[in-house]
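Below is one structure, written out as structure tokens, with a few remarks after it.
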């Protein structure tokens with residue numbers, strides 16, 4: 001909604017028979033400032049979200065669930081950029097609505113549709129991370145679950161945006177300069193405006209906020225609980241084998257790192273949504289229910305809210321650059337990847353073998369009288385466990401290393 005044009009148009013009530021016609025709203029310094037801010041937000045949002053979409057489409061193979069969600073979020077943010085920000089720029093430049101009644105209804109519908117979609121995709125990101133952390137064993141169900149959430153986000157956005165097309169219409173008033181057209185709401189009573197404002201507040205902010213905050217509180221609780229269990233669980237020296245180290249700790253550790261990394265990114269996206277939109281909805285509440293009459297304040301905070309579509313691609317880009325930089329730093333420290341072998345005996349003694357995969361050289365630290373069972377590679381938790389080359393895993397009955405291979 002263009003609150004500046006709308007309020008100026010609405011507040012100029014007059015008696016035609018007793019007072020002269022007022023001046024029509026005109027382009028002034030307020031509009032200049034608004035155009036500069038909105039223009040900057042639009043350019044950054046357009047190029048940022050376009051690059052995110054291109055980057056995700058260039059990914060080979062199947063996309064992960066978080067990548068599918070980020071793709072849809074970028075599409076939703078592009079819709080906000082065009083149907084909210086760009087339309088507001090054009091409308092501010094012309095001051096008057098010049099596109100007719102049909103376009104008034106269509107554009108108002110698309111304006112709210114983009115906001116709903118961006119909000120519900122952000123909620124889906126929070127839910128996806130919540131399922132990933134709370135129920136890691138259901139990874140196979142994640143793609144279907146995400147497709148359902150994305151579909152629901154699009155369908156609900158389309159349904160909840162319908163009232164906007166019904167409420168808004170082109171209206172005309174006579175000013176001294178002539179007939180003035182504006183696209184604005186057509187409530188017949190104050191309670192209608194308050195009812196629609198309350199429903200918009202609940203559907204676009206309150207319910208999504210509750211879901212997102214609850215999801216990340218559950219994530220935080222689970223991570224803290226898991227960390228305590230990991231540090232507090234003692235390792236049994238009589239039953240631990242290389243196989244249990246590999247598939248019980250190493251593999252879980254790698255998956256946990258991947259989940260936590262994507263959870264951090266999605267947490268920042270959710271935090272940006274809350275920080276950008278909370279001030280606007282507080283002002284919106286006073287504007288709708290307490291008859292605050294400061295349209296310019298609403299404009300400032302609505303611009304802050306729509307700038308969320310500019311921040312999301314910057315957040316995704318920052319995490320992508322950090323991931324690449326971290327990967328290159330790791331490669332610089334170990335160009336070919338260091339292969340760490342862990343060999344554990346039933347007495348709890350261990351030996352480690354560090355092998356450089358490029359040169360094939362390696363070094364082993366052995367303990368005299370040690371019983372070697374199996375070894376595993378930390379660099380590939382999916383690799384089958386097998387004895388280390390050059391070290392016989394057969395033990396003598398007394399548990400000591402044989403001096404030569406048997407038979």
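For all residues, glycine too, the Cβ spot is worked out from N, Cα and C.
Annotated topological domain 'Extracellular' per Swiss-Prot: 1-36 (among others), in sequence order, evidence recorded as sequence analysis.
Annotated N-linked glycosylation site per Swiss-Prot: 5 (among others), in sequence order.
If you look up Swiss-Prot, you'll see 11 (among others) marked as N-linked glycosylation site.
Swiss-Prot lists 15 (among others) with the feature N-linked glycosylation site, giving sequence analysis as the kind of evidence.
Through the fold, the transmembrane segment (37-57) approaches residues 63, 67, 70-71, 74-75, 77-78, 80-81, 85-86, 88-89, 92, 303, 306-307, 309-310, 312-314, 316-317, 320 of its own chain, all at least 6 residues removed from its boundaries and within a Cβ separation under 8 Å. Per Swiss-Prot, the feature transmembrane segment maps to 37-57 (among others); the stated evidence is sequence analysis.
Summarising model confidence by region, the topological domain 'Cytoplasmic' (58-69) averages a pLDDT of 87. Look at Swiss-Prot and you will find 58-69 (among others) tagged as topological domain 'Cytoplasmic'.
Only residues 6 or more beyond the boundaries of the transmembrane segment (70-90), in the same chain, are considered here, and those with a CB under 8 A from a CB of the stretch are 2, 34-35, 38-39, 41-42, 45-46, 49-50, 52-53, 56-57, 63, 107, 110-111, 113-115, 117-118, 121-122, 124-125, 150, 153, 269, 306, 308-310, 312-313, 316. Swiss-Prot lists 70-90 (among others) with the feature transmembrane segment, giving sequence analysis as the kind of evidence.
As annotated by Swiss-Prot, topological domain 'Extracellular' applies to 91-105 (among others). Beyond the ends of the topological domain 'Extracellular' (91-105), by six or more residues, the same chain brings 2, 4-5, 24-27, 31, 34-35, 38, 165-166, 168-170, 180-183 to within a C-beta distance below 8 angstroms of the stretch.
Around residue 104 (disulfide bond), the same-chain residues six or more apart in sequence whose CB sits under 8 Å from its CB are 97, 168, 169, 170, 183, listed in sequence order. The disulfide bond annotation in Swiss-Prot covers 104-183 and rests on sequence analysis.
Under the heading transmembrane segment, Swiss-Prot lists 106-126 (among others).
What Swiss-Prot lists as topological domain 'Cytoplasmic' is 127-147 (among others). Counting only same-chain residues 6+ beyond the ends of the topological domain 'Cytoplasmic' (127-147), those with a CB under 8 A from a CB of the stretch are 65-66, 68-69, 211, 215-216, 218-219, 222-223, 255, 259, 262-263, 266-267.
Taken from Swiss-Prot, the feature transmembrane segment covers 148-168 (among others).
If you look up Swiss-Prot, you'll see 169-199 (among others) marked as topological domain 'Extracellular'.
The feature transmembrane segment is assigned by Swiss-Prot to 200-220 (among others), with sequence analysis given as support.
Swiss-Prot lists 221-268 (among others) with the feature topological domain 'Cytoplasmic'.
Residues annotated as transmembrane segment in Swiss-Prot: 269-289 (among others). Sequence-distant contacts of the transmembrane segment (269-289) (same chain, six or more residues past either end, CB-CB distance under 8 Å): 3, 73, 119, 122, 125-126, 193-194, 197-198, 201, 204-205, 209, 212, 216, 297-298, 301-302, 304-305, 307-308, 311-312, 315-316.
Counted within 10 Å of its Cβ, the other Cβ atoms near residue 183 (disulfide bond) come to 26, all protein chains included. In this structure, residue 183 (disulfide bond) is part of a beta strand by DSSP.
Classification of residue 104 (disulfide bond) by DSSP places it within a helix.
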